[in-house]
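Colleague: So TrEMBL lists these for the protein:
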- 1-23: signal peptide (SIGNAL)
- S107, D108, E155, E224, S286, E338: Ca(2+) binding site (BINDING)
Amino acid sequence: MWCLSFLLAAILCLAEILQEARASPLPMGECTVDASDRTLNIIAITDMDMDKESRTSPEGYTWRALTRKGQLFVKDELAKLEVTWDLSSDQNLTTHLNMKGRAMEMSDLVKFNGHLLSPDDKTGMIFEIEDKKVAIPWLFLNSGPGNTTSGMKAEWMTLKDDQLYVGGHGMAYRNKKGEIFSTDAMWIKIISHDGVVKSVDWTDVYDKIAQAAGATSPGYLTHEAVQWSEIHKRWFFLPRKYSTEIYNDELDEIRGTNLLITADESMGDIQVVKIGELTHPDRGYSAFDFVPGTCDGVILALKSMEHGGSTESYITALDTDGKVLLEDQRLDGDLKFEGLYFL
(Lines of atoms letter the chains of each structure in order from A and count residues from 1; the text may use other names and numbers.)
(Lines give C-alpha, C1' and ligand atoms only; values in the text may rest on other atoms or scores of the structure.)
Protein backbone atom coordinates (compact mmCIF):
# COMPACT_ATOMS: atom_id res chain seq x y z
CA MET A 1 0.00 0.00 0.00
CA TRP A 2 2.85 2.35 0.92
CA CYS A 3 4.61 1.56 -2.40
CA LEU A 4 1.44 2.28 -4.36
CA SER A 5 0.98 5.65 -2.66
CA PHE A 6 4.61 6.55 -3.28
CA LEU A 7 4.33 5.57 -6.95
CA LEU A 8 1.15 7.63 -7.38
CA ALA A 9 2.79 10.67 -5.76
CA ALA A 10 5.82 10.30 -8.02
CA ILE A 11 3.62 10.15 -11.13
CA LEU A 12 1.70 13.27 -10.09
CA CYS A 13 4.95 15.11 -9.36
CA LEU A 14 6.37 14.17 -12.76
CA ALA A 15 3.18 15.32 -14.50
CA GLU A 16 3.41 18.68 -12.73
CA ILE A 17 7.04 19.10 -13.75
CA LEU A 18 6.24 18.32 -17.39
CA GLN A 19 3.33 20.78 -17.38
CA GLU A 20 5.55 23.56 -15.99
CA ALA A 21 8.23 22.77 -18.57
CA ARG A 22 5.73 23.09 -21.41
CA ALA A 23 4.46 26.42 -20.06
CA SER A 24 7.88 27.94 -19.37
CA PRO A 25 9.86 30.04 -21.87
CA LEU A 26 12.89 28.54 -23.58
CA PRO A 27 15.64 28.39 -20.95
CA MET A 28 18.77 30.30 -21.89
CA GLY A 29 20.72 27.09 -21.23
CA GLU A 30 19.16 25.61 -24.37
CA CYS A 31 20.57 28.41 -26.53
CA THR A 32 24.27 28.21 -27.30
CA VAL A 33 26.19 31.46 -27.67
CA ASP A 34 28.64 31.67 -30.55
CA ALA A 35 31.66 33.32 -28.93
CA SER A 36 33.95 32.87 -31.93
CA ASP A 37 35.57 35.75 -33.82
CA ARG A 38 33.38 36.46 -36.84
CA THR A 39 32.17 39.09 -39.28
CA LEU A 40 28.50 39.93 -39.83
CA ASN A 41 27.05 42.01 -42.66
CA ILE A 42 24.63 44.83 -41.85
CA ILE A 43 22.52 47.35 -43.74
CA ALA A 44 21.02 50.67 -42.63
CA ILE A 45 18.41 52.93 -44.24
CA THR A 46 17.65 56.65 -43.89
CA ASP A 47 14.72 58.80 -42.89
CA MET A 48 15.48 62.22 -44.37
CA ASP A 49 12.26 63.87 -43.16
CA MET A 50 11.92 67.27 -44.87
CA ASP A 51 15.59 67.44 -45.87
CA LYS A 52 16.00 69.00 -49.31
CA GLU A 53 18.11 65.98 -50.25
CA SER A 54 15.07 63.72 -49.93
CA ARG A 55 14.17 64.68 -53.51
CA THR A 56 16.38 63.71 -56.41
CA SER A 57 15.87 67.25 -57.76
CA PRO A 58 14.15 70.36 -56.30
CA GLU A 59 11.50 70.42 -59.01
CA GLY A 60 11.16 66.67 -59.48
CA TYR A 61 8.54 64.24 -58.26
CA THR A 62 10.93 61.52 -57.18
CA TRP A 63 11.76 60.94 -53.52
CA ARG A 64 14.63 58.88 -52.19
CA ALA A 65 16.01 57.04 -49.21
CA LEU A 66 19.59 55.85 -48.95
CA THR A 67 20.83 52.42 -47.90
CA ARG A 68 24.34 51.81 -46.62
CA LYS A 69 26.06 48.48 -45.99
CA GLY A 70 28.68 47.69 -43.40
CA GLN A 71 30.24 44.99 -41.29
CA LEU A 72 30.19 44.14 -37.60
CA PHE A 73 33.34 42.45 -36.31
CA VAL A 74 32.83 40.29 -33.22
CA LYS A 75 36.05 39.64 -31.30
CA ASP A 76 37.44 38.38 -27.98
CA GLU A 77 34.44 36.24 -27.05
CA LEU A 78 31.95 39.10 -27.56
CA ALA A 79 34.01 41.46 -25.42
CA LYS A 80 34.98 43.63 -28.39
CA LEU A 81 32.75 44.82 -31.23
CA GLU A 82 33.78 46.98 -34.18
CA VAL A 83 31.76 48.42 -37.07
CA THR A 84 32.94 49.64 -40.44
CA TRP A 85 30.82 51.11 -43.25
CA ASP A 86 31.30 50.81 -47.00
CA LEU A 87 30.45 54.25 -48.41
CA SER A 88 30.76 52.89 -51.94
CA SER A 89 27.70 50.74 -51.18
CA ASP A 90 25.45 53.80 -50.71
CA GLN A 91 22.43 53.36 -52.94
CA ASN A 92 19.34 55.46 -53.52
CA LEU A 93 15.90 53.88 -53.36
CA THR A 94 13.30 55.98 -55.13
CA THR A 95 9.55 56.33 -55.47
CA HIS A 96 7.01 58.78 -56.92
CA LEU A 97 4.47 57.93 -54.24
CA ASN A 98 4.25 60.80 -51.74
CA MET A 99 2.08 62.53 -49.17
CA LYS A 100 1.92 66.33 -49.50
CA GLY A 101 5.38 66.46 -51.01
CA ARG A 102 7.06 64.09 -48.54
CA ALA A 103 8.01 60.43 -48.91
CA MET A 104 10.63 57.71 -48.37
CA GLU A 105 11.05 58.54 -44.69
CA MET A 106 12.03 54.98 -43.85
CA SER A 107 11.96 53.96 -40.20
CA ASP A 108 13.05 50.33 -39.85
CA LEU A 109 14.10 47.14 -41.65
CA VAL A 110 12.90 43.57 -41.22
CA LYS A 111 12.69 40.45 -43.37
CA PHE A 112 9.20 38.99 -43.73
CA ASN A 113 7.66 36.78 -46.39
CA GLY A 114 11.09 36.42 -47.96
CA HIS A 115 11.39 40.17 -48.58
CA LEU A 116 13.33 42.91 -46.82
CA LEU A 117 10.70 45.46 -45.78
CA SER A 118 10.81 49.07 -44.65
CA PRO A 119 7.94 51.40 -43.63
CA ASP A 120 7.64 54.99 -44.83
CA ASP A 121 6.43 56.88 -41.77
CA LYS A 122 4.96 59.66 -43.91
CA THR A 123 2.84 57.81 -46.48
CA GLY A 124 2.06 54.74 -44.37
CA MET A 125 3.34 52.46 -47.12
CA ILE A 126 5.49 49.40 -46.43
CA PHE A 127 8.01 48.91 -49.22
CA GLU A 128 9.88 45.85 -50.40
CA ILE A 129 13.59 46.71 -50.57
CA GLU A 130 15.06 44.64 -53.37
CA ASP A 131 18.60 44.70 -54.76
CA LYS A 132 17.69 47.50 -57.13
CA LYS A 133 17.13 51.25 -57.05
CA VAL A 134 13.34 51.19 -56.89
CA ALA A 135 11.36 50.50 -53.71
CA ILE A 136 8.29 48.37 -54.41
CA PRO A 137 5.07 49.32 -52.54
CA TRP A 138 3.68 46.26 -50.73
CA LEU A 139 1.08 47.26 -48.17
CA PHE A 140 -0.61 50.47 -47.03
CA LEU A 141 -1.23 51.00 -43.31
CA ASN A 142 -3.67 53.66 -42.20
CA SER A 143 -3.39 55.39 -38.87
CA GLY A 144 -4.95 54.44 -35.56
CA PRO A 145 -7.82 51.93 -35.34
CA GLY A 146 -7.84 51.38 -39.09
CA ASN A 147 -10.78 53.61 -40.03
CA THR A 148 -8.75 56.70 -40.92
CA THR A 149 -7.62 58.11 -44.26
CA SER A 150 -4.14 59.16 -43.13
CA GLY A 151 -1.11 56.91 -43.33
CA MET A 152 0.34 55.30 -40.22
CA LYS A 153 3.46 56.92 -38.81
CA ALA A 154 5.22 53.57 -38.45
CA GLU A 155 8.43 53.73 -36.42
CA TRP A 156 9.32 50.11 -35.59
CA MET A 157 8.77 46.56 -36.82
CA THR A 158 9.41 43.14 -35.34
CA LEU A 159 8.40 39.50 -35.82
CA LYS A 160 6.30 37.59 -33.29
CA ASP A 161 4.25 34.41 -33.65
CA ASP A 162 5.14 34.27 -37.35
CA GLN A 163 3.47 37.66 -37.90
CA LEU A 164 4.77 41.18 -38.54
CA TYR A 165 4.18 43.72 -35.78
CA VAL A 166 4.35 47.41 -36.71
CA GLY A 167 4.15 50.24 -34.20
CA GLY A 168 4.53 53.98 -33.80
CA HIS A 169 5.77 56.37 -31.14
CA GLY A 170 3.38 55.05 -28.51
CA MET A 171 2.34 58.41 -27.08
CA ALA A 172 -0.77 60.56 -27.25
CA TYR A 173 -0.31 63.75 -29.26
CA ARG A 174 -1.22 67.02 -27.55
CA ASN A 175 -1.82 70.59 -28.72
CA LYS A 176 -0.09 73.63 -27.25
CA LYS A 177 -2.65 73.74 -24.45
CA GLY A 178 -1.72 70.21 -23.42
CA GLU A 179 -4.99 68.74 -24.66
CA ILE A 180 -4.89 65.34 -26.36
CA PHE A 181 -5.99 65.55 -29.99
CA SER A 182 -4.88 62.13 -31.27
CA THR A 183 -4.20 58.69 -29.82
CA ASP A 184 -3.51 57.06 -33.20
CA ALA A 185 0.13 56.41 -32.24
CA MET A 186 -1.08 54.14 -29.43
CA TRP A 187 -2.30 51.57 -31.98
CA ILE A 188 -0.15 48.90 -33.59
CA LYS A 189 -0.70 46.68 -36.63
CA ILE A 190 -0.33 42.90 -36.76
CA ILE A 191 0.13 41.62 -40.31
CA SER A 192 -0.22 38.06 -41.58
CA HIS A 193 1.79 36.50 -44.41
CA ASP A 194 -1.24 37.11 -46.65
CA GLY A 195 -1.14 40.82 -45.92
CA VAL A 196 -4.19 40.82 -43.66
CA VAL A 197 -3.89 43.75 -41.24
CA LYS A 198 -5.27 43.76 -37.70
CA SER A 199 -5.34 47.03 -35.73
CA VAL A 200 -4.69 46.56 -32.01
CA ASP A 201 -5.01 49.17 -29.26
CA TRP A 202 -1.69 49.06 -27.38
CA THR A 203 -2.51 51.92 -25.00
CA ASP A 204 -2.31 49.67 -21.95
CA VAL A 205 1.08 48.29 -23.04
CA TYR A 206 2.61 51.69 -23.73
CA ASP A 207 1.20 53.12 -20.49
CA LYS A 208 2.66 50.29 -18.41
CA ILE A 209 6.07 50.70 -20.05
CA ALA A 210 6.02 54.46 -19.43
CA GLN A 211 4.86 53.98 -15.83
CA ALA A 212 7.70 51.52 -15.15
CA ALA A 213 10.17 54.14 -16.39
CA GLY A 214 8.58 56.92 -14.35
CA ALA A 215 7.27 58.84 -17.36
CA THR A 216 3.55 58.97 -16.60
CA SER A 217 1.20 61.45 -18.30
CA PRO A 218 1.67 64.27 -19.12
CA GLY A 219 5.23 62.97 -19.34
CA TYR A 220 6.01 60.47 -22.08
CA LEU A 221 8.24 57.92 -23.72
CA THR A 222 8.53 57.74 -27.49
CA HIS A 223 9.49 54.51 -29.22
CA GLU A 224 11.32 53.83 -32.47
CA ALA A 225 13.32 50.77 -31.39
CA VAL A 226 11.24 47.78 -30.29
CA GLN A 227 11.88 44.05 -30.72
CA TRP A 228 10.30 40.82 -29.55
CA SER A 229 12.74 38.10 -28.43
CA GLU A 230 11.49 34.58 -28.99
CA ILE A 231 14.41 33.28 -26.93
CA HIS A 232 13.67 35.39 -23.86
CA LYS A 233 9.91 35.51 -24.50
CA ARG A 234 10.11 39.22 -23.74
CA TRP A 235 9.61 42.59 -25.38
CA PHE A 236 12.65 44.86 -25.60
CA PHE A 237 12.31 48.66 -25.80
CA LEU A 238 15.07 51.23 -26.31
CA PRO A 239 13.03 54.45 -25.98
CA ARG A 240 13.92 57.36 -28.26
CA LYS A 241 12.79 60.09 -25.86
CA TYR A 242 11.97 60.30 -22.15
CA SER A 243 10.26 63.11 -20.26
CA THR A 244 8.40 63.60 -17.00
CA GLU A 245 6.95 66.86 -18.37
CA ILE A 246 4.52 67.74 -21.11
CA TYR A 247 5.85 67.72 -24.68
CA ASN A 248 7.87 70.74 -25.79
CA ASP A 249 9.36 70.98 -29.29
CA GLU A 250 12.69 72.48 -28.30
CA LEU A 251 13.23 70.48 -25.12
CA ASP A 252 12.27 67.26 -26.87
CA GLU A 253 15.47 67.53 -28.93
CA ILE A 254 17.52 66.87 -25.78
CA ARG A 255 15.37 64.21 -24.16
CA GLY A 256 17.19 61.13 -25.39
CA THR A 257 17.42 58.14 -23.07
CA ASN A 258 19.87 55.57 -21.76
CA LEU A 259 17.16 53.06 -20.86
CA LEU A 260 16.59 49.44 -21.86
CA ILE A 261 13.12 48.27 -20.87
CA THR A 262 12.05 44.63 -21.11
CA ALA A 263 8.67 43.07 -20.41
CA ASP A 264 7.10 39.65 -20.52
CA GLU A 265 4.18 39.05 -22.85
CA SER A 266 1.56 39.81 -20.19
CA MET A 267 3.32 43.04 -19.15
CA GLY A 268 3.24 41.70 -15.61
CA ASP A 269 7.02 41.69 -15.28
CA ILE A 270 8.69 44.88 -16.52
CA GLN A 271 12.36 45.61 -15.90
CA VAL A 272 14.20 48.88 -16.50
CA VAL A 273 17.98 48.85 -17.00
CA LYS A 274 20.22 51.92 -17.28
CA ILE A 275 22.81 51.87 -20.07
CA GLY A 276 25.91 53.65 -18.85
CA GLU A 277 25.71 57.39 -18.26
CA LEU A 278 23.45 59.72 -20.25
CA THR A 279 26.23 61.95 -21.59
CA HIS A 280 24.54 62.91 -24.88
CA PRO A 281 20.82 63.56 -24.27
CA ASP A 282 20.48 64.90 -27.82
CA ARG A 283 20.94 61.34 -29.13
CA GLY A 284 18.06 58.87 -29.03
CA TYR A 285 17.65 55.26 -30.10
CA SER A 286 16.08 54.92 -33.55
CA ALA A 287 16.50 51.18 -34.28
CA PHE A 288 18.17 48.03 -33.03
CA ASP A 289 18.61 44.36 -33.78
CA PHE A 290 19.92 41.45 -31.77
CA VAL A 291 23.38 40.29 -32.84
CA PRO A 292 22.99 36.80 -34.34
CA GLY A 293 24.59 34.01 -32.35
CA THR A 294 24.31 35.81 -29.00
CA CYS A 295 21.02 34.25 -27.85
CA ASP A 296 19.54 37.77 -28.04
CA GLY A 297 22.03 38.84 -25.38
CA VAL A 298 23.85 41.51 -27.41
CA ILE A 299 22.22 44.46 -29.17
CA LEU A 300 23.47 46.57 -32.07
CA ALA A 301 21.62 49.89 -32.16
CA LEU A 302 21.33 53.12 -34.11
CA LYS A 303 20.97 56.52 -32.49
CA SER A 304 19.75 59.70 -34.16
CA MET A 305 20.47 63.30 -33.26
CA GLU A 306 18.23 66.16 -34.41
CA HIS A 307 19.21 69.32 -32.60
CA GLY A 308 19.37 72.96 -33.63
CA GLY A 309 18.78 72.11 -37.27
CA SER A 310 21.61 69.56 -37.40
CA THR A 311 21.23 65.83 -38.02
CA GLU A 312 23.66 63.04 -37.14
CA SER A 313 23.56 59.25 -36.74
CA TYR A 314 25.52 56.92 -34.49
CA ILE A 315 25.89 53.19 -34.01
CA THR A 316 26.46 51.55 -30.64
CA ALA A 317 26.36 48.11 -29.01
CA LEU A 318 25.35 46.87 -25.58
CA ASP A 319 24.39 43.71 -23.76
CA THR A 320 21.01 43.12 -22.17
CA ASP A 321 22.45 43.94 -18.74
CA GLY A 322 23.12 47.48 -19.96
CA LYS A 323 26.88 47.16 -20.43
CA VAL A 324 28.14 49.24 -23.36
CA LEU A 325 30.24 47.14 -25.76
CA LEU A 326 30.72 49.79 -28.44
CA GLU A 327 30.66 53.51 -27.64
CA ASP A 328 28.66 55.78 -29.94
CA GLN A 329 30.37 55.81 -33.34
CA ARG A 330 29.23 58.42 -35.83
CA LEU A 331 28.21 57.49 -39.36
CA ASP A 332 29.66 59.61 -42.16
CA GLY A 333 27.39 62.33 -43.52
CA ASP A 334 24.63 64.42 -41.99
CA LEU A 335 22.02 61.74 -42.58
CA LYS A 336 19.48 60.26 -40.19
CA PHE A 337 19.60 56.47 -40.30
CA GLU A 338 16.59 54.81 -38.69
CA GLY A 339 16.59 51.21 -39.89
CA LEU A 340 19.12 48.44 -39.17
CA TYR A 341 19.21 44.79 -40.24
CA PHE A 342 21.67 41.88 -40.28
CA LEU A 343 21.95 40.53 -43.82
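Backbone N, Cα and C atoms are what each Cβ position is placed from, and that goes for glycine too.
Automatic prediction, not curation, is the source of TrEMBL annotations.
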Colleague: Among D108, E155, the binding-site residues in question, whose Cβ has the most other Cβ atoms within 10 Å in this structure?
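Modeller: The residue with the densest Cβ neighbourhood is D108.
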Colleague: Can you name every residue in this chain, apart from S107, D108, E155, E224, S286, E338, with its Cβ inside 8 Å of the center of the Cβ atoms of the recorded Ca(2+) site?
Modeller: D47, D121, W156, A225, R240, A287, G339
Colleague: Tell me which residues of the chain lie with their Cβ under 8 angstroms from that of E338 (Ca(2+) binding site), as long as they are six or more apart in sequence?
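Modeller: Expected: I45, T46, D47, M106, S107, D108, E155, E224, S286, A287, L302, S304.
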Colleague: What is the total of other Cβ atoms whose distance to the Cβ of S107 (Ca(2+) binding site) is within 10 Å?
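Modeller: Around the Cβ of S107 (Ca(2+) binding site), 24 other Cβ atoms lie within 10 Å.
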Colleague: Three-state secondary structure of S286 (Ca(2+) binding site) from DSSP?
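Modeller: The three-state answer is strand.
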